[in-house]
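Student: Reproduced below are the annotations present in Swiss-Prot:
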TRANSMEM  10-30  transmembrane segment
TRANSMEM  53-73  transmembrane segment
TRANSMEM  78-98  transmembrane segment
TRANSMEM  120-140  transmembrane segment
TRANSMEM  152-172  transmembrane segment
Amino acid sequence: MSTRDLVLTALFAAIIVALGLLPPISLGFIPVPITAQSLGVMMAGVVLGARRGAIAVLIVLLLVAIGLPVLSGGRGGLAIFASPTAGFLVGWIFGAFVTGYLSERLVNHGQSGLVQTVSFFLAAMIGGIVVLYAFGITYLATVAGLGFTKAFVGSMAFIPGDVIKAVVAALLGRAVMVGYPLLPARA
């Protein structure tokens with residue numbers, strides 16, 4: 001990794017941590033609040049690509065593991081990885097990787113702005129929602145003993161917010177391509 005890669009990776013790890021400072025939104029009818037940190041995961045994949053995006057998420061999870069309160073609500077420590085929602089944290093790594101991988105394959109400089117934005121959106125939807133939820137729901141169903149159907153239905157309340165996050169990540173990805181053409185290729 002070059003110095004630029006290290007700086008960009010650390011920057012996006014810091015962005016994910018900073019998004020954890022935003023207060024979580026409680027809906028009342030579900031016990032788990034909506035947080036902004038999954039937006040950071042999508043943004044890391046879209047802007048940095050598969051490898052650097054996944055590394056940025058790994059840095060955040062390492063900070064969590066050593067006990068720093070960098071998750072939404074000031075949470076941190078190894079106990080987080082034993083909670084029923086730990087599958088979503090593990091899913092962040094793969095979500096950022098898949099989002100980045102798809103962004104690298106679907107988006108190029110020769111496309112129109114609309115095609116680039118839609119491609120970034122699809123990458124964020126697949127990596128940041130489908131992959132993330134596959135890990136999170138499977139782990140939640142297993143650890144909490146809910147069964148897959150209950151865990152799946154309970155998680156659907158988060159989909160509208162995550163779609164909005166995917167739109168924001170797509171718009172950011174397009175803005176970075178236009179505004180910073182010298183940013184190293186996503187890899």
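Each Cβ is built from the backbone N, Cα and C atoms, and glycine gets one as well.
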Student: Counting only residues 6 or more past its boundaries, what in the same chain has a CB within less than 8 Å of a CB in the transmembrane segment (152-172)?
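Tutor: Distant Cβ neighbours of the transmembrane segment (152-172) are 25, 27, 29-30, 32, 34, 36, 38-39, 42-43, 45-47, 99, 117-118, 120-121, 123-125, 128-129, 133, 136-137, 140-141, 146.
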Student: Would you kindly list the residues that approach the transmembrane segment (120-140) from elsewhere in its chain, counting only those six or more residues past its ends and only Cβ-Cβ distances under 8 Å?
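Tutor: Same-chain residues near the transmembrane segment (120-140) but 6 or more away: 38, 41-42, 45-46, 84-88, 90-92, 94-103, 106-107, 146, 148, 151-152, 154-155, 159, 162-163, 165-167, 169-171, 173-174.
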Student: Six or more residues beyond either end and a Cβ under 8 Å away: which residues meet both conditions relative to the transmembrane segment (53-73)?
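Tutor: Distant Cβ neighbours of the transmembrane segment (53-73) are 9-10, 12-13, 16-17, 19-20, 22, 24, 33, 35-37, 41, 44-47, 80-81, 89, 92-97, 99-100.
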Student: State the non-local partners of the transmembrane segment (10-30) in its own chain: residues 6+ outside its ends, Cβ under 8 Å from one of its Cβ atoms.
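Tutor: Distant Cβ neighbours of the transmembrane segment (10-30) are 36-37, 39-41, 43-44, 47-48, 52-53, 56-57, 59-60, 63, 70-73, 154, 157, 161.
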